[in-house]
Amino acid sequence: MSTPILPAWPPSLSDEARDYLSHQATDYALSHGIVYRPLPTPPSAAPPTSSTIHAPFSLFPSPFPRTLFDKAQSIQPAYDLLYAQVSSNHTFLQRVIGDSVVQVDSFQKQLWDIYVTVKDDLVQPLSLGLFRSDYLLHDAQSESKAADEMGSRSGQLELKQVEFNTISASFGALCTKVNGLHRHLSSTTNYLGVGKDLDKLENLPENKAQDVLVGGLAAAHAAYLNQQGYEAPAAKNVYVLFVVQEGERNAFDQRPLEHALQGKGIRVVRQSFAEIASRMTLKPDDAKRTLLLNHPVLGLIEVSTVYFRAGYGPSDYTSESEWNTRKQLERSLAIKCPSIAVQLAGAKKVQQVLAEPDQLESLLSNLGADASTAQKLRETFTDLYPLDESPLGKKGYELATTAPQNYVLKPQREGGGNNVYRHDIPPFLAQIESCSPSSLAYNVSKKQAYILMSLIKPPAGLGNYLVKSATATTPGTPVLAKDTVSELGVYGAVLFQNTETDTPVEIKHHQSGGYLLRTKGRDSDEGGVAVGFSVIDSPFLI
């Protein structure tokens, strides 16, 4: 696909102009809730609950090809339905997760064990997926170059998928507000005339990410009320449960969803795993397994939907209590977002297997999709390899050890900070192999916990001013990052009914749209905002 030449970025600013725009932007951020809780102050281990700092954001929106932005939006519905179908296909999950990954990944095994235990005894047929598919721009002209010889702003740019998130797809609220920040600067300052077409709002697409997420949660709540035949006033005591981490700094990405639901007459309660464990009530004589919480302030409340903003990584399960709580939630009548099956579908191994010949096409055909849909999705795939004893796995291992500069090693994890890059790959694999020198089978299995993915090579020559809050050691002034990389995420919400393996899922609600753009310096391989690598951005369509 021919793409336009991206402009040199960011536009040149005097120090006075930079500081003026930064002051306007920071005040907008603080007054519109683009905020975090501050880091804990020793000796306290918890962040302060009575103060905030602004979340990191870019001063300018970042250039992005309009055609590729539109493509990401147009294929999101197909991705949503694909992963809903994967989660309902037990045969596929058994082969991809149950027969391989769980043998070498204890976290995935815990999830799998719950899935197997409860799958034939579920009382709630509906599942809600709030998804986000993440992409990077790939400079096709740099395909054969080493990682340090990235391409230019011109050329054949392509859209390549980084990952597909099926649990706790965050920043839907904050990215909506940062888009508002950039549109505000455009409307009120014209960005001081320093950038061509920055004053045209049609180049700063309005972000509906929060609406997509809230719409999915509201649809699940309404479906539950309809199942139970509830009407006012009984429905007033039915809540959506947000499962959150203790000491959550990113609460203000979650609270706007809660407030938007409350604007629709839907009440929300936030609880940690520990709080749920001590307050959850499932009556022995209730065959429906209605999920009740005995809240110390709200009293006995019923839960329609369980929305997980925690539970995506091992650190959320510090004891058997959290795992037992997750299992009880899964068995309950409440609609889960996500269910265990949907969370398993988001494993990196699934992404790798879908890239194998005919796998994607087979699943899409069950949904009635034509060959062109599969082709559009395949165009976003990178080269993906297992690390097993299959021919493809042996090729992957050879590439990982002989040409590591072109690859990244990924485990079955969410949350950022878990990947192994480039020349760190061979010694990492050697360490795995040395764990059990007497057992070749063990060595092979350990490697199966990872997939190998070809590195996406974003165009060079793009920068931005990154605005982060002041700390004890750094000022809060914008920092010019001269070489940045931007990752685009597109959201989708699908409420569906599980079906038999070879039949299409039954869709009850489906909406996609909105976006998250995260920008970081190229010298940082990881891309998470919450873990400090990136800032929240929005696209300037070219």
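Note: Cβ is positioned from N, Cα and C throughout, glycine not excepted.
Taken from TrEMBL, the feature domain 'Glutathione synthase substrate-binding' applies to 239-345. Here TrEMBL flags GLN254, ARG518 as substrate binding site. TrEMBL lists LYS348, 410-419, TYR421, 453-456, GLU487, LYS520, GLU526 with the feature ATP binding site. Per TrEMBL, the feature Mg(2+) binding site maps to GLU414.
Just so you know, the Cβ of GLN254 (substrate binding site) picks up 21 other Cβ atoms within 10 Å once every protein chain is counted.
Neighbour counts of Cβ atoms within 10 Å were compared for the binding-site residues MET453, ILE456, and the top value is held by MET453. Here the domain 'Glutathione synthase substrate-binding' (239-345) is broken down by DSSP into helix, strand and coil counts: 41 helix, 29 strand, 37 coil. Taking the C-alpha positions, the distance from ILE456 (ATP binding site) to ARG518 (substrate binding site) comes to 16 Å.
Separating the Cα atoms of ASN418 (ATP binding site) and ARG518 (substrate binding site) is a whole-number distance of 18 Å. ILE456 (ATP binding site) falls within neither a helix nor a strand when secondary structure is assigned with DSSP, and so counts as coil.
Straight-line distance linking the Cα atoms of LYS348 (ATP binding site) and ARG518 (substrate binding site), rounded to a whole number, equals 21 Å. For ARG518 (substrate binding site) paired with MET453 (ATP binding site), the C-alpha to C-alpha distance reads 20 Å. Counting other Cβ atoms within 10 Å of each Cβ, the binding-site residues GLN412, ASN418 show the lowest value at ASN418. Distance from the CA of GLN412 (ATP binding site) to the CA of GLN254 (substrate binding site) is 25 Å. Across the domain 'Glutathione synthase substrate-binding' (239-345), the model assigns an average pLDDT of 97.
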